[in-house]
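According to Swiss-Prot, the active site annotation covers 70, 194, 196.
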């Protein structure tokens, strides 16, 4: 289903008044961490995210969120991608600012601000809608490797070359999907950017070597239901 009614359902006057302040990170965030990743097979067809983004991960801004903040980090990477695609000079919200937005639109109660409560793909869409008025399509995938879901992802990358935020029920770890590869033999891989890294990444290759940026065969996602947020940024 397409989720496109955040402002109508909640009203965004309070959220619109929130100011996203400039950030001073302790070290430069890596850009386009997937840029050094080679395709998983020779030949076949590869579709990837168009446009750059910053790699947000656990603790990258000094906020210690290991164990619960992965959804926020995937959202921050997604927002940095939207801003670049739009040519915007806006700032990426902090975890606390994301929480304040969700409270302002009525999705969460006041106690949510400053908590360690995680967020999922629907909350990620709400924040994207408030900040950038970009529609998203939410897919509920009982089986990620089904022909229907893989067809949706292929069509999405063909049309938008976009950025997908994904989270699961059994596999609760949030991650970004930034590419789709079909081998010459028809095996499907998804390009995953994983925000669970802790520390200071020295390079793109560092993340690739540790497995935080990788191509994953879709059959490895078996056993969990997933929700996917497909950002419909032209």
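Glycine too: its Cβ is placed from the backbone N, Cα and C atoms.
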Quick one: pull the CA-CA distance for residue 194 (active site) versus residue 70 (active site), whole Å only.
8
Three-state secondary structure of residue 70 (active site) from DSSP?
helix
Would you kindly give the Cα-Cα distance separating residue 70 (active site) and residue 196 (active site), rounded to the nearest Å?
6
Give me the count of other Cβ atoms within 10 A of the Cβ belonging to residue 194 (active site).
22
Active-site residues compared (70, 196) - highest count of Cβ atoms within 10 Å:
70
Using DSSP and collapsing to three states, where does residue 196 (active site) fall: helix, strand or coil?
coil
